[in-house]
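According to Swiss-Prot, the compositional bias 'Basic residues' annotation covers 617-642, 668-684. Annotation comment: Swiss-Prot describes Cys36-Cys47, Cys125-Cys155, Cys137-Cys185, Cys156-Cys312, Cys158-Cys168, Cys295-Cys319, Cys432-Cys470 as disulfide bond. Swiss-Prot lists 617-646, 668-705 with the feature region 'Disordered'. Annotation source Swiss-Prot lists signal peptide at 1-24. Residues annotated as topological domain 'Extracellular' in Swiss-Prot: 25-561.
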Amino acid sequence: MVNAILMACILAGIFVGMFNEVDGIQILSKSKLEKCEKTSDSGNLNCSTKIVLNLAVPSGSSGGEASIVAEIVEVEDNSSSNMQTVRIPPVITVNKSAAYALYDLTYIRDVPYKPQEYHVTTRKCEHDAGPDIVQICERLRDEKGNVLEQTQPICCPCGPQRRMPSSCGDIFDKMIKGKANTAHCLRFPGDWFHVFGIGQRSLGFSVRVELKTGTRVSEVIIGPENRTATANDNFLKVNLIGDFGGYTSIPSFEDFYLVIPREAAEAGQPGSLGANYSMWMLLERVRFTLDGLECNKIGVGYEAFNTQPNFCSSPYWSCLHNQLWNFRESDINRIDRHQLPLYGLEGRFERINQHPNAGPHSFSIGVTETLNTNLMIELRADDIEYVFQRSPGKIINIAIPTFEALTQFGVAAVIIKNTGEVEASYSLTFDCSKGVAFVEEQFFIIKPKAVTTRSFKLYPTKDQAAKYICTAILKDSQFSEVDRAECQFSTTATVLDNGTQVTNPFQIPETQPKGFFDSIRILWTKIINGLVDFITGDTCRNKCSSFFDFSCHIQYVCLSWMVMFGLLLALFPITCLLLWLLHQKGLFDPCYDWWEDHFDLDHHRRLLPSRADVVNRHHHHHKHRHHHNHHRRTHQRHKHHHGQDDDVLQKMMLERDHSDSHYYHQLHRVHKDSKQKQRRRAKHGIVLPRDVHVERQRKQRLRES
């Protein structure tokens, strides 16, 4: 270590040649050092001498490659402090590709490019009306044939101040054809767009280092996904330390959504987006409604459109502003005025999706600023000592669960074990086949005989179900490969989500029959449906607001209403007839008798004499008998028995009163029975001569009086 302190990283005679006219390439430091390898606790070291170069390699701003050539001609020997010329000078060539920023994408859902409101002028607008009435605004159905209630039309009355001004017609049109109205509906014809959430960004580029010594050529390629490499002859080793920050920050789009046009594909699979980057747009997240419940936002659905307040008095196309086509038209107008677009990618960014292995659903932009990469190159030489520990390792297992492409990201869990006897550092590279975004190499330290797990996030660039092959490469502290393992994982196809919109593409319903037999079938179906509806009355219940809406019921010929209205009109005469029949059967005779017994006073006066009349009759009868007995008996006998006769007379009067009451009671019963018989004879139409005679006498007395 003393030699390491004495040697102050001195290298001389460095000649640097520049190609492609790229400025700013710098050699940051140069040195010689002796690296000693320790493989066990025995203390034995395996040492070798290296020449170390620390370079700052820029990226080309034009998208081409920037190169440097460094030829080492002289080195300083520590033992003699003299400059010595290298007999065969090595030539180092470094090429760095253009840098790009690669962004993680997460599929959110699909949205329509231009939602449209349709209206139909009609006179029979109803929510469940067919295409013959509301035409394009007929309710839609899903793949299973179920009616989608949220797609039903909204009916608005006619008038000049309505959502769609229309004439109401004259009074004759209203009476014959019905009142005019308009049907409004939301539909999604035309293009659809994928919506992606934008996640973290990663910087991408590649550095190619070539070392030529005489006729021998060593070459390595490194980048953020593979930051260390060793040539096959172990003469050259390269380590990518990192990048120097620029003055301009790389844009972050975490508050934006990327919208990409959805192209047609076979068998319902999402199509490739191709290179139609002119339609790609970046829009703020606040402009979207992912649940479709907000008006005037991208992704608006049926519920938001149908439930907007004051629908019929709101302007036409309300709730459908700020859609994708509005932003696209705004960009086109700016481009026509020779201005930069505000939402589109073309014109704002360079080298869109030109990174290696670009998939149909990946997103990258070119970095226009020159970025410097810190690169360390090691060559064989003799210099200072540097001791490091090296230990073998092994990849035990790799596990990658199946996941949905684009919507989710995969996680590769790699289990590694230090199989040596010393603690050492390792690096792990995870390289996948085409179609998976690259992942950066990881560095870590493992204790002897210990096991650790390293995780990598995998982002496929395709939305179809596919299988991928990945290779995990374990490197030791000398960047030499110590183990390699392959694995496979699968992804399921991205499930496209249209939100609250109809899942199947919108098509205008067919209203015309396709042939003669189809016409017969449609006619027969209409007849059957009309007959069923005529009997059940579903149309009347849905279209007529009240029971007494006569014009509506007459217009739609409602059978149930006609039956109910006829029953209502026939209720009064039927009730009267029923009461008359019950009267004829004598059901109400007890009621009549009860009324006569309690409330018919004139009848009682005619049949029952008063108490005074009865007493007077008794006294008159007594006087008559007493006068008759006065002439037959002597005065003495009458005088002797006068007191006894009075007592007997009083007793006889009471008995006579009782017998008279019984008589009149029997007379009342006979009169009542006669009235009942008279009613029965009248019911059956029987008239007796005696009844006729009595009736004639009653009429004669009335005329005389």
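The backbone N, Cα and C atoms fix where each Cβ goes, glycine too.
Positions of the features from Swiss-Prot, shown on the structure.
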residue: Cys125; record: disulfide bond; Cβ within 10 Å: 24
residue: Cys137; record: disulfide bond; Cβ within 10 Å: 27
residue: Cys156; record: disulfide bond; Cβ within 10 Å: 20
residue: Cys158; record: disulfide bond; Cβ within 10 Å: 18
residue: Cys185; record: disulfide bond; Cβ within 10 Å: 23
residue: Cys295; record: disulfide bond; Cβ within 10 Å: 17
residue: Cys312; record: disulfide bond; Cβ within 10 Å: 16
residue: Cys319; record: disulfide bond; Cβ within 10 Å: 20
residue: Cys432; record: disulfide bond; Cβ within 10 Å: 25
residue: Cys470; record: disulfide bond; Cβ within 10 Å: 22
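A strand conformation is recorded for Cys185 (disulfide bond) in the three-state DSSP classification. In space, Cys125 is the closest of the disulfide-bonded residues Cys125, Cys185, Cys295, Cys432, Cys470 to Cys156 (disulfide bond), judged by Cα positions. Summarising the environment of Cys155 (disulfide bond), the number of other Cβ atoms within 10 Å of its Cβ, over all protein chains shown, is 19. In the three-state DSSP assignment, the secondary structure recorded for Cys295 (disulfide bond) is coil. In the three-state DSSP classification, Cys312 (disulfide bond) falls within coil.
Within 10 Å of Cys155 (disulfide bond), counting CA to CA, the disulfide-bonded residues Cys185, Cys295, Cys312, Cys432, Cys470 contribute Cys185, Cys312. In this structure the C-alpha atoms belonging to Cys470 (disulfide bond) and Cys295 (disulfide bond) are separated by 46 Å. Cα of Cys319 (disulfide bond) to Cα of Cys312 (disulfide bond): a distance of 13 Å.
All chains included, 15 other C-beta atoms sit within 10 angstroms of the C-beta of Cys168 (disulfide bond). Rounded to a whole number, the distance between the Cα atoms of Cys312 (disulfide bond) and Cys158 (disulfide bond) is 10 Å.
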